[in-house]
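Q: Below is the structure I would like to discuss, written out as structure tokens.
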Amino acid sequence: MVGSPAPPPSNSGSSAAAFKSNASGLSPGLEPTQAASASPAAAAPPPPSPPPVRVPSVTLVAVLGVVGELLARGFLTRLEIRDAERTDARAPALFDRVLATFLAEAWDPEGASRLPIPPPPLGDGSEVELLRVLPAVRAHGGLAGVASWAAVAEAVGLDPATGTAVKILYRKYLDQTLAKPLEVHKEVESSGCNGGRSRRSGSGKDKFLSSLTKDLKRKRDPFVGMLNAVRQVAKNPAEAGMKNYDPCGYLNTAVWLRRHMFAAECLSAERLEGMLNWVRHAAKNPAEPGLIGTDDCDDHRSTADMLRREMRANNIGSASSQNGHYYEDALRCINKSSASPIRPSGQADIPEWTGKAPSRHDDRRALRFLGERILIPESNEALDVGSIGKGRQDNCYCQSPGSIDCIRFHVAEKKDELKRELGSAFYKMGLHETGEDAAHSWTKSEERRFNTIIQENLPSSEYNFWDILRTAFRYKGSKAIASYYHNVFQVQRRAYQNQLGLEADSDDDSIEPGFLYSRQGNIGRSRSRPAASSSGNGKALRLCLILISDR
Amino acid sequence: MKPHRLCMTHHLVLSYGLHNKMEIYRPHKAYPIELAQFHSADYVEFLHRITPETKDLYASELTRYNLGEDCPVFDNLFEFCQIYAGGTLDAARRLNHKTSDIAINWAGGLHHAKKCEASGFCYINDLVLGILELLKYHARVLYIDIDVHHGDGVEEAFYFTDRVMTVSFHKYGDLFFPGTGDIKDRGEREGKYYAINIPLKDGIDDASFTRLFKTIIAKVVETYLPGAIVLQCGADSLARDRLGCFNLSIEGHAECVKFVKKFNIPLLVTGGGGYTKENVARCWAVETGVLLDTELPNEIPNNDYIEYFAPDYTLKVANLNMDNLNSKTYLSSIKVQVMESLRSIQHAPGVQMQEVRLSL
């Protein structure tokens, strides 16, 4: 009974039954390999099927379980496991070898050498068996859930004081490599089925083992179950169109499989054509809405990326680090697609560096995106050093220097100067709509209405006048309203505060009632025509103008 | 966050006449596909579609993308992102094509945005996009961040690569946003030692900050030999900032910009944080002057927003009378740790690194 593996069930519904019938957990390590050779994706050679002479221990079963898991994912294809290693005593050594092989395959060969296996001894001289650490941590709730690393250390047979060291080891060796893919895979498989969470909590090595075993059984089923699911979808596309109709993750597996197949072989003609059409379309209409963000285009993008990478890879020299980059990139792509429900990590895709910058001619398209020229200084020699940054002169001849009107006049004066200097750039930069010039497009009655709305909805803690403003001035648009508020209203408010000598906080938007009243009276006074102003300052302003022209 | 501070900055720059010494360009609006060079496609698409009117229908997406609270949905949000990101992208391209030696985009520098979510009022990470653009023409790019907050979005984007070295000076501890940026975070895999974090405490003053900055950046440039530098000049590291807690004056802040400029390496300068509008405008106007080797007179010329600079209408931002919690020993230990990190990078990247030894 021990030596003969149970045949894979022919339909998905029997997975529960199959688990029950194999509850003893005997020889699970053999079944995944059989599934691996049955699947079209993994090219694992059929492993030898030795008859174990006695019931394998829990530890050995765990190791074989991990082996099966990795084989089903396409790793360890060249790993030969000898009969002699399938013993309890050799289980830890076998695990170390498996881990080393997996690291060499999943990362570049140099990366594997960075993590010595077995790990060096701890500070107190004790050796750590990674194989024992993995189930212990899982039993304590995984990396995130461990409450006490001292307890984990104890469970592994080490001094509790080495808890931190065990944690570091786990993170370096097992979290990045094994546990994550396993955890990820379980999440894919168990979403929607049986509520995977209850399986992962709990304590004890047997719980870990049984959950792993269950997982292995389910791993085998998906390939057959998945084919059935795909067949179902083909028969009833409308029914399966509902996004959530994928309770056992079969369709995810199907997508992963297809991607894996196409990544490894050359791209099919239709796929290439579809992708090239999309790229062409994107180049012609970059601003088109909906161009990205759909499933189709994500496919096209990843195909395009892969094609480009493959093409570049053939031109790159044999610098090992670059090959390593490419290898890791490609694998990351495959791994990512198999872990599709998980949020992608936050890293950017770095472009390849071929050793020299691209020729300017290749990048002609980018020349369109250097910014629209607004203002270029005429010549550097004619620069009047004194004209740079002339500060504010306080010796004006206004009737009441420093008053609101005086300031407004001088601001207008300076702005006219700037307008003459900048020419058309003045309008291109939108300066004709900043400051109090923003009020030009508002009639007197509109401005009064603005003021009244704010008066009637004086903000206490919230700016509840915005909605009312937006409704009242809907025809102007929110841009115009915001512009008026910041350029006219707030500036005048600040001027009012300054006149009163109030300590102003630029971020305190509460409004003094006195300001609103004084504003009602002043609305409509145009600042840009100071000579025509009807205030008592008229005479003084004219004097200023004359003085200026005398210079 | 007050985008109005950008208006104020530009007005100051123009009223000081600095436009006579530099070229001014209007950027193109970045296309969604350009934004998706870094960000995930679904996030960009969501930013494109969401409006304040429809946001209540997408509660779960808002949570997923971290929109709604620190990063509110407002009218023309996407256009805003397109403009400032387009600015940094165009700036990077101008540097690549050698049509400019220094390119400034005060509207950029939103360093918290992540690949699939907004953060800290940053929606699109224009810095990452700009750096990716620079990486097409340069083997190595150095990123320096003097915002009071940790430049987490940029660091995370390039955490595993040695082609970008990120150096961030920021306040760390007391649950200060975003909570990352410990000195021990140095990068991983190929990027190990290519992320440098300088965590600081409240109240650091001009002298301590500039000394530390110059020592570290000099060593970084000497060791790393970048082809281009991106400098994020967040102004919330100034004294009296609404959210910041440092005690730098504008002179101190601008000193750092001056120092980086001296290397004569293609330089992309962006804005960033800064929550006391008028001080932000002052700071960035002064720094525009610094980049143009022009010292601005203290009196602020008349401009549309002159009233904001009352009562004295000058460029000065007075320091606060606060304690500098960064002791000499603390700063010295930071410096030592950073230097040690830099020693691990013997040559420019591409050379095999030493085997990682398990250290406890």
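Using the three backbone atoms N, Cα and C, a Cβ is placed for every residue, glycine included.
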Q: B:ASP147, B:HIS149 bind divalent metal cation in TrEMBL, but which of B:ASP42, B:ASP56, B:ASP236, B:ASP241 does that record place at the same site?
A: B:ASP236
Q: Hey, TrEMBL has substrate bound by B:ASP70, B:TYR275. Any idea which of B:GLY17, B:GLY120, B:GLY130 it lists too?
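A: Among B:GLY17, B:GLY120, B:GLY130, only B:GLY120 appears alongside B:ASP70, B:TYR275 as substrate-binding in TrEMBL.
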Q: For B:HIS149 (divalent metal cation binding site), which of these recorded positions sit within 10 Å, Cα to Cα: B:ASP70, B:HIS112, B:TYR275?
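A: The recorded positions passing the 10 Å Cα test are B:HIS112.
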Q: Could you tally the C-beta atoms, other than its own, that fall within 10 angstroms of the C-beta of B:ASP236 (divalent metal cation binding site)?
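A: Neighbour count, Cβ to Cβ under the 10 Å cut-off: 24.
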Q: Near chain A by Cβ (under 8 Å): which of the recorded positions B:HIS112, B:GLY120, B:ASP147, B:HIS149, B:ASP236, B:TYR275?
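A: Among the recorded positions B:HIS112, B:GLY120, B:ASP147, B:HIS149, B:ASP236, B:TYR275, the ones whose Cβ sits under 8 Å from a Cβ of chain A are B:TYR275.
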Q: Residues near the divalent metal cation site, B:ASP147, B:HIS149, B:ASP236 excluded, by Cβ within 8 Å of the Cβ center?
A: B:VAL148, B:HIS170, B:GLY234, B:SER237, B:LEU243, B:GLY244, B:GLY272, B:GLY273, B:GLY274
Q: Pick the one among the binding-site residues B:ASP70, B:ASP147 whose Cβ has the fewest other Cβ atoms within 10 Å in this structure.
A: B:ASP70
Q: What number of additional C-beta atoms lies within 10 angstroms of the C-beta atom of B:TYR275 (substrate binding site)?
A: 21
Q: Given that the record lists B:ASP70, B:GLY120, B:TYR275 as binding substrate, what is the largest C-alpha to C-alpha distance among them, in Å?
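A: If we measure all Cα pairs in B:ASP70, B:GLY120, B:TYR275, the largest is 14 Å.
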Q: In this predicted model, what is the average pLDDT of the domain 'Histone deacetylase' (B:1-289)?
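A: Residues in the domain 'Histone deacetylase' (B:1-289) carry a mean pLDDT of 94 in this prediction.
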Q: When you measure from the Cβ of B:HIS112 (active site, proton acceptor), which residues in the chain that are at least 6 apart have a Cβ under 8 Å away?
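A: Listed in sequence order: B:SER119, B:GLY120, B:PHE121, B:CYS122, B:ASN125, B:HIS149, B:GLY151, B:ASP152, B:GLY153, B:PRO178.
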Q: Between the Cα atoms of B:ASP236 (divalent metal cation binding site) and B:TYR275 (substrate binding site), what distance do you get, rounded to the nearest Å?
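A: Pair distance, Cα basis, whole Å: 6 Å.
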